[in-house]
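Residues annotated as FAD binding site in TrEMBL: Y286, S299, T300, R301, L302, S303, D472, Y473, D474. Feature annotation from TrEMBL assigns compositional bias 'Low complexity' to 200-214, 583-612. The compositional bias 'Gly residues' annotation in TrEMBL covers 625-639. Among the features that TrEMBL reports, domain 'Photolyase/cryptochrome alpha/beta' is placed at 5-165. The site 'Electron transfer via tryptophanyl radical' annotation in TrEMBL covers W390, W459, W482.
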Amino acid sequence: MSKPRILIYLVRRDLRVSDNPILNYLAETPEHGFTHLLPVFVFPAQQIEVSGFIKDGSSSPYPEARSAVAGYWRCGPHRAKFIGESVWNLKESLEGLGSGLVLRAGLMGDVLASLLEGLGSSPQEVGAVWMISEEGVEERRDQRAVSSVCKKFGVDLKLWIDEKYFVDDRDLTIDSAADLPDVFTTYRKQTEPLRKKPRATAPKPAKSSLPSLPDESIIPPQSAPFTSPTTYEELESALLKPVKDYLPGIPSFPSQASSSDLLKGGEDSARDRLEYLIKSEVMFNYKDTRNGLLGTDYSTRLSGFLAHGCITARQVHEALVKYEDGTDPAYENVKGYGQGENEGTTAVRIELLWRDYMRLCMRKFKQMLFHLEGFRADDQYKESEKKTKWKSRNEKDALPDQDPTPREIGDIIDRFNAGTTGMGLIDASQRELMQTGYTSNRARQNVASFLAKHLAIDWRYGAEWYEMLLVDYDVSSNWANWQYVSGVGNDPRGEARIFNPVKQAFEYDKEGAYVKAWVPETRDLEKLENVFQLWTTSEEELEKLGLKDNPMVTDPVKKIQFSVDRKPNNSRRPFNRRRGAPRRPANSEGATQAQQSQAQEQQSSQAAQAVQLPDRTNYFQNNGGYRGGPRGGHGGGYRGRANPGGNRGGGAGYRGRYYPGSHAPAWNPPGPPM
């Protein structure tokens, strides 16, 4: 009798059992040659803080999982919880099929080496290691680390195509990443008709169709000092303990905002959400609602599930086809059933293709996706007089003549993060993000434009803040979209595309409901111009509401005077926060002395005038409402272990550098996030 052979399946962002190429192959190919299957999920120490898995007071062998520029946690509490739920759901699903899932913390190369070393003394041999390939810089580094370990132990490695995207890699209209058009519309036209592009989905494996799990007694334990959780409660605690207090002084959940926005992670939840979206006609109405701000049904909210592989884009497409073709009786009472593709489902497919495009941009531009000057950073751009002079809170990165100073920029970034800039739409979005891990695409575009275009602050501070807090964070989509809006990516309009957040608020938050829901200070205000910029409120009303000393009134980060009936001018004044005493609030008509500046923006359907007023520097007054707590040190990065919480300064980070133990060197465009 031949020696039993184990297949190790390293699970990453493929947290599902249905439409899973590896599981499908094993279930439907009897001659695969393996007697046992060992699925393993590794919580990656460079992306998720794993010190919570240590219980005996020992120190972690890994640096803290913090970002390279700002020193934020790489994965905050919202996504950590979502990932934990998704992983545990996969574990239960695999157990239901007669298999299981082993959980580990550390670096993938280290974990695999420990497993192979331990299994080497067992009566069973490891026949191969399989994993699904990914495009991220760190993900490719993990793949190289795994390859190095496999070579050391003489084990075969197979990388499978990542099939969670809309168009399969084998069906692309380009021969290589170098051929990818730099404009999305061009790529979309090359790919159309979209409805015919996705491949068929793979079914969920039948019970007992997978090779059995190896006996628990031969599976090597988690390497010290980490422990492996045995219940979901233990897993959630380990993930959240280090990062839950990422920003001291976070306000309580606003009473008028909805906590129902929080979706549970996992394949089961993803399938339920998809069915609900079709039955409730969210898909049918998607084209008309996708620019919404408030609620749960203006957007599909599938982005988190897609990012972590709880569901695939082609599964979404397949469900839409059944609805459009009238072949699924579950949808027979839904508007548009059996009537073919409609505007809503077409818009959904375009968004799914945009996710594909962002991934291909990662494949094409690689490390440049994280560069300050983006992938436009060629010699011509570097010599351009129009190139933005980015401002930084880090003295070593700041230009010698930077104004405001790095310290002042640090204060501005802290207010931007905490949602106390005084710009209603921006503050509402940032507070929603802090509380829920989600914010609309319309809001995301305005937030990115505000930081990069209006304030000229290094856009990577915003990208890293989003990386920490977004449930639906996807390395390709997040970084490519931030570059897109910041003018250093593949937006054909580049620096010329500027969003006026006041005008955008008037257009997309017509009653002020969104800002009032997330910025309680504005709830008793009647005039929209006051809701969207608190400083425009009369002194009498501010006094009455107890807001006259609020920094959003006395010291807004930026002022924009807005007139509904006038046409916007064609350029903008660079951000320059002038030193000086705070100015008085506006009078009862919202008027004040101002210098004219000009703004250019994406939309022109509603005429408006944008005028930048002189800026003031009464930085961070202590009566600042929701401004959060003190910042951490500027040492930042991964050098040393700092106290949790706060916003740390710049540092080296994992991304783009050799990481100890790695075994190898190193928005959606014009539509909402799915």
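Glycine is treated like the rest: Cβ placed from N, Cα and C.
Recorded features from TrEMBL, shown on the structure.
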residue : record                                            : DSSP (3 states)
Y286    : FAD binding site                                  : helix
T300    : FAD binding site                                  : coil
W390    : site 'Electron transfer via tryptophanyl radical' : coil
W459    : site 'Electron transfer via tryptophanyl radical' : coil
D472    : FAD binding site                                  : coil
W482    : site 'Electron transfer via tryptophanyl radical' : helix
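Secondary structure of the compositional bias 'Low complexity' (200-214), assigned with DSSP and counted as helix (H, G, I), strand (E, B) and coil, comes to 0 helix, 1 strand, 14 coil. Around the Cβ of W459 (site 'Electron transfer via tryptophanyl radical'), the same chain contributes L372, W390, A448, L451, A452, W482, Q483, V485, S486, V488, each under 8 angstroms and 6 or more positions distant in sequence. Counted over all residue pairs in Y286, S299, T300, R301, L302, S303, D472, Y473, D474, the record's binders of FAD, the longest Cα to Cα distance measures 22 angstrom.
All chains included, 23 other C-beta atoms sit within 10 angstroms of the C-beta of D472 (FAD binding site). Counting neighbouring Cβ atoms within 10 Å of each of the recorded positions (Y286, W390, W482), the lowest count belongs to W390. Residue environment of T300 (FAD binding site) contains 25 other Cβ atoms, counted within 10 Å of its Cβ in all protein chains.
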